[in-house]
Amino acid sequence: MALSKSHAVSIALLAFFVCAVVSSDPDPLQDFCIGDLNVVPGINGFPCRNSSTVTVDDFIYSGIVNSSNTTNINRSGAIFGTVVRFPGLNTLGLSIARLDFLPEGIIPPHTHPRASEMVYVEEGTVYAAIVTADNRLFARVMNRGEVMVIPRGLIHWQMNVGRTNAKIIATLNSQLPGIQFIARSMFGSRPEVPNEVLEKTFFLDERGINQVRSNFV
């Protein structure tokens, strides 16, 4: 059946719109945009600082030179270089992190809701794992120089299985990737997740729930 003139025009306009969206340029339209952290960020990041005030130091981040604090229950620590600490990342869709582990230390199961990640083992021996949405576990011991890619939003963790300290450098494809620890979200949220939910989800009694919660006070 032949299309009416109005239908043909509608289809042509829709095709033009789709092509415009698909072919739009998602990249920055200037050489750089050092974030102005004194202004509330918008949906795509912080406004640009006046380029005349920019210096070479705005392109360099020294926050991961020293090791992070590992004196905690997990025997591990992390330092993140996101746009709020490294304004030079603004609009670039990148961030970096340094992860440090004492022997037996662990970065507990967590997700990054807005980024995929690559982890590079710079020192030590680390057991790294990913759990997919269909509950498949992909895990093995990684040694110095090896890299693992972690798809966006998947649960993952790293644990030092060596006898010496371990160190990981991670890069993420978001200037503000976010991080959500599974245990902390369920047992350390405010207000608290109802005990009935935790009992039915983790098969714990009230005593067990309170014991786990005490680690997140």
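Each residue, glycine too, has its Cβ placed from N, Cα and C.
Database features, via TrEMBL:
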- H110, H112, E117, H156: Mn(2+) binding site (BINDING)
- H112, E117: oxalate binding site (BINDING)
- C33-C48: disulfide bond (DISULFID)
- 62-210: domain 'Cupin type-1' (DOMAIN)
- 1-24: signal peptide (SIGNAL)
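Shown here: features listed in TrEMBL, placed on the structure.
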residue : record              : contacts (Cβ under 8 Å, 6+ apart)
C33     : disulfide bond      : G45, C48, N90, T91
H110    : Mn(2+) binding site : I155, H156, W157, I179, Q180, F181, I182
H112    : Mn(2+) binding site : I150, R152, G153, L172, S174, P177, G178, I179, Q180
E117    : Mn(2+) binding site : V149, I150, H156, A170, T171, L172, N173, P177
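Same-chain residues that are not part of H110, H112, E117, H156 yet have a Cβ within 8 Å of the Cβ center of the Mn(2+) site turn out to be T111, A115, I150, L154, I155, P177, I179. The number of other CB atoms found within 10 A of the CB of C48 (disulfide bond), across every protein chain shown, is 18. Per-residue pLDDT, averaged across the domain 'Cupin type-1' (62-210), gives 97.
Counting every protein chain shown, 21 other Cβ atoms lie within 10 Å of the Cβ of H156 (Mn(2+) binding site).
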